[in-house]
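Asks: Copying in the features that Swiss-Prot gives for the protein in this structure:
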type	residues	note
BINDING	GLY148, THR149, THR365	pyridoxal 5'-phosphate binding site
BINDING	ARG204	substrate binding site
MOD_RES	LYS341	N6-(pyridoxal phosphate)lysine
Amino acid sequence: MLPRLAKSSLIQQVRGVSAIANAEPSGPSISTSIPGPKSKALKQEMDKVHQTTSVRFHVDYEKSFGNYVVDADGNALLDVYTQISSLPLGYNHPDLVKVASQPHLITSLVSRPALGSFPRTDFADGISHALTSIAPKGLKAVQTMLCGTSANENAIKTAFIWYQAQRRGGLGPDALHLESCMNQQKPGTPNLSVMGFEGAFHGRSLCMLSVTRSKPIHKVDIPAFDWPIAKFPRYKYPLDQNVAYNKKQDQECLADVEAKISEWKRRDNDVAAIIVEPIQAEGGDHYGSPAFFQGLRDITSKHGIVFIVDEVQTGGGATGDIWAHDHWNLSSPPDMVTFSKKLLTGGYFYGEHLRVKEAYRIYNTWMGDPTKLLLLEKAVEVIKRDGLIEQSREVGAEFQKRLGELQASSGGKLDQARGRGTFAAVDFPSGSLRDKFVDLAISNGLHCGGCGDRSLRFRPSLVYTKKHLDLTFDLLDKTLKGL
């Protein structure tokens, strides 16, 4: 073990004593391997008290700014991964740094409210400015949560509560329901299920793993509910050259949804909710068409099933809209839309018909984080003030064009270029080649990441401009040539 003074010295070297960065570097700057010696030393220390198996490198957050992340060894990388798609305005945006120094945020940090019982006096105003102002069409009610997984988990609980109330003619639980549930018996503990999709990712809690099918390592050794998993479209690209094939994908997947609803009903295990991502991000950036989602909405309406759209990774503007489902033109809005990541706090919007009447059924100590809500309020203001959604559309259109050109010149190393806005991906022939590319790109100063079995994904922030795009593709081209 390092002596206490030596450990403090190492951390002090990394953190430095300078103020928070307030400008981007002129470009990437790499002086060591990544992870470098300081990152490796910090990881060794961390490993003595905490798991480190997923740690890539330690970050100097004081020196990181805008679209650039700086690691413990001083390497500056252009970041198109942005904390797994969770930084709306990049690193240390001045407007957010200013909010972080305000008394109302400090008091929420020091005396963290248990929001379900003791909310701040200005909590409703914060909800209105940060969340209601960007609410999905047709949904105004919102419930904050800690993260995307807890948002999805509690959205499903809400769906179950509503579904059972409908069975009781709109009434709450009676004495028999309350007594039997304590022994996990009917009618208080019903047989109900939630439908997910092949390739989906909705979180790693016990409940959400039952609707997650992206990577085996997430699920192995963990008990799961007997819930249906339906097929999700697997399109061929370019879309305009594969219309018939992709249309058949939609039809086959919708037929599978109908078949599994019927099958689980025969098992006395009704499908109470269907949860779906607009883009299966963790699973490999798989897309569904508006026609597919329209069909899915019509099926849920026909069967009285709650339709939950998981926008944890897609929400926040990277697709060119705050909500990726905005362009679906549904016959009626989703019943619920979950969010987190770029929207800084977790939670879900829901239709008024789903409001839970009884206290403590949707509840935990924190029920979200008011400090994140305060930051989101300012982030939304900046997004509107600076026209960042419009910028995302413009830069995103160019990004899609350039990604297609990169694929065409790759000599077969890339295929299936796809995306919406700056939310984009491209495939490699194998996962091992993709992983080799990611490591080489990082050594060249571009921080990117993988998803699915063999996909490379791009998740830049909303302050990502044409200048950053040009540099991104210079680095991608350099990396591809060195592969």
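Here, residue 1 is simply the first one shown, and the rest follow in order.
Just so you know, glycine gets a Cβ as well, placed from its N, Cα and C.
Mind mapping these onto the model and telling me what they sit next to?
Replies: DSSP classifies GLY148 (pyridoxal 5'-phosphate binding site) as helix under the three-state reduction.
Annotation for ARG204 (substrate binding site): spatial neighbours THR149, THR212, HIS218, criterion Cβ-Cβ under 8 Å with sequence separation of six or more.
Taking Cβ-Cβ distances under 8 Å and a sequence separation of 6 or more, the neighbours of LYS341 (N6-(pyridoxal phosphate)lysine) in its chain are ILE84, SER85, SER86, GLY148, VAL312, GLN313, GLY315, GLY316.
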Asks: Based on DSSP, name the secondary structure state of LYS341 (N6-(pyridoxal phosphate)lysine): helix, strand or coil.
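Replies: Helix, per DSSP.
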Asks: Looking at the binding-site residues THR149, THR365, which one has the fewest other Cβ atoms within 10 Å of its own Cβ?
Replies: THR365
Asks: Report the largest Cα to Cα distance, in Å and rounded to a whole number, among the residues GLY148, THR149, THR365 that the record lists as binding pyridoxal 5'-phosphate.
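Replies: This binding site's residues have a maximal Cα-Cα distance of 17 Å.
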Asks: Should ARG204 (substrate binding site) be counted as helix, strand, or coil on the basis of DSSP?
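Replies: In three-state terms, ARG204 (substrate binding site) counts as coil.
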